[in-house]
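Note sheet for the following structure.
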Ligand code: S3P
């Protein structure tokens with residue numbers, strides 16, 4: 001469909017306002033719908049994924065008003081959703097599908113969720129298994145443990161679940177179902193994944209606690225909940241979107257960018273730690289805290305980067321930024337090793353494969369591994385034709401790579417950036 005040509009450039013300057021966090025935007029609609037009273041959301045991300053969440057809740061009888069300044073969700077309480085007339089269209093959004101599985105498992109009506117080809121091939125067994133243990137009646141319509149998912153009414157029980165993956169989507173599905181269970185629910189994950197659900201549930205009045213255990217695993221506990229209460233939410237900018245402009249400022253010559261309003265929650269900010277470990281000149285300014293979510297502006301200057309190793313508990317804190325980190329590693333001196341990141345295989349594309357293909361086509365030295373990749377930096381990048389495979393993060397990471405390549409680059413199907421950052425190319429043009 002839409003190809004985008006990106007020419008090399010240097011000297012990026014100015015201020016960039018980062019759009020709202022995708023994870024927090026989804027959760028604000030979901031909790032707003034289940035709460036009593038209205039929830040007002042500012043800086044909501046109007047990306048396709050979050051619009052899928054809005055569409056699903058509207059189909060279940062929730063009034064959601066959209067004005068240029070804010071979104072207003074007219075919540076109907078824990079038991080206020082009504083049966084949708086049609087299949088719920090979850091589009092490209094794994095977050096919508098997995099988090100809603102938890103909510104829908106507790107409803108007294110039957111529902112079906114289905115999405116696009118990418119979404120319908122992503123693994124849903126990871127939520128079907130624990131939710132079924134809780135008493136949910138959830139089936140994969142085609143019997144392949146993928147969407148479409150059919151969810152029929154069930155009585156939910158509290159469980160203590162140990163998840164094999166550090167996944168906020170799995171954790172959140174179980175915690176949301178746990179609100180409706182007949183006893184306390186706990187989820188233990190191998191390392192702490194993003195904790196936006198826990199923070200937001202707490203601010204809406206749920207009884208929820210979470211701890212990082214001495215062995216590095218993390219456990220969240222939630223008690224059954226009578227009601228949640230609507231809140232005002234100001235969504236911080238999405239660090240996953242900010243990462244592209246931080247990388248652009250670091251990689252292009254003679255650049256200085258102020259990337260504004262970035263959420264820097266520790267469970268999401270691994271990208272900043274990696275930048276520092278690679279020798280990046282980044283400074284946090286104007287730090288603040290709102291709704292439990294810390295935020296800051298980030299001043300970025302052109303930097304000479306060097307290789308690093310990224311592994312273990314750091315991985316869930318930067319999982320969506322790995323294509324961008326791989327590009328930075330290709331431009332850095334020395335070797336970068338990324339491991340413990342097998343989750344990359346089940347994102348919108350298999351990002352070990354799509355990152356490897358795109359980086360190789362630009363002339364980089366990258367070796368894919370079973371759980372990550374090894375990149376030998378220091379080879380100049382060439383302009384190339386990049387197949388995004390409709391993966392927004394591949395399209396954006398390689399649009400940034402193109403800025404410091406030695407010829408023009410074409411990004412195929414570049415419109416897929418709409419999933420998380422509709423204004424991406426406009427903003428990129430604006431800071432040249
Ligand atoms: C998300 C969690 C992550 C992330 C995704 C959004 C969320 O997925 O990759 O883009 O909002 O909970 P996993 O939790 O499955 O790793």
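Note: Cβ is positioned from N, Cα and C throughout, glycine not excepted.
Unlike curated records, TrEMBL annotations are generated automatically.
According to TrEMBL, the protein carries these features:
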- 320: active site, proton acceptor (ACT_SITE)
- 22, 94, 122, 169, 351, 393: phosphoenolpyruvate binding site (BINDING)
- 22, 23, 27, 167, 169, 320, 347: 3-phosphoshikimate binding site (BINDING)
- 10-428: domain 'Enolpyruvate transferase' (DOMAIN)
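Here the features listed in TrEMBL are painted onto the structure.
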{"residue": "22", "record": "phosphoenolpyruvate binding site", "contacts (Cβ under 8 Å, 6+ apart)": "45, 47, 49, 50, 95, 238, 240, 241, 420"}
{"residue": "23", "record": "3-phosphoshikimate binding site", "contacts (Cβ under 8 Å, 6+ apart)": "95, 168, 194, 196, 238, 268"}
{"residue": "27", "record": "3-phosphoshikimate binding site", "contacts (Cβ under 8 Å, 6+ apart)": "99, 172, 196, 197, 200"}
{"residue": "122", "record": "phosphoenolpyruvate binding site", "contacts (Cβ under 8 Å, 6+ apart)": "94, 97, 146, 147, 346"}
{"residue": "167", "record": "3-phosphoshikimate binding site", "contacts (Cβ under 8 Å, 6+ apart)": "126, 189, 193, 316, 343"}
{"residue": "169", "record": "phosphoenolpyruvate binding site", "contacts (Cβ under 8 Å, 6+ apart)": "94, 95, 98, 99, 126, 127"}
{"residue": "320", "record": "active site, proton acceptor", "contacts (Cβ under 8 Å, 6+ apart)": "240, 347, 393"}
{"residue": "351", "record": "phosphoenolpyruvate binding site", "contacts (Cβ under 8 Å, 6+ apart)": "322, 323, 344, 345, 391, 393, 394"}
Neighbour count, 10 Å Cβ-Cβ cut-off, for residue 347 (3-phosphoshikimate binding site): what number do you get?
20
In the three-state scheme derived from DSSP, which category covers residue 351 (phosphoenolpyruvate binding site)?
helix
Looking at 3-phosphoshikimate and its recorded binding residues 22, 23, 27, 167, 169, 320, 347, figure out the farthest C-alpha pair and report it in angstrom, whole number.
19
Residue 167 (3-phosphoshikimate binding site) - helix vs strand vs coil (DSSP):
coil
Minimum Cβ neighbour count within 10 Å among the binding-site residues 94, 393: which residue?
94
Less than 6 Å between Cβ and the nearest atom of ligand 1 is the rule; apply it to the recorded positions 23, 27, 320, 351, 393.
23, 320
Restricting attention to the domain 'Enolpyruvate transferase' (10-428), give the mean pLDDT.
98
DSSP secondary structure for residue 393 (phosphoenolpyruvate binding site), reduced to helix/strand/coil, please.
helix
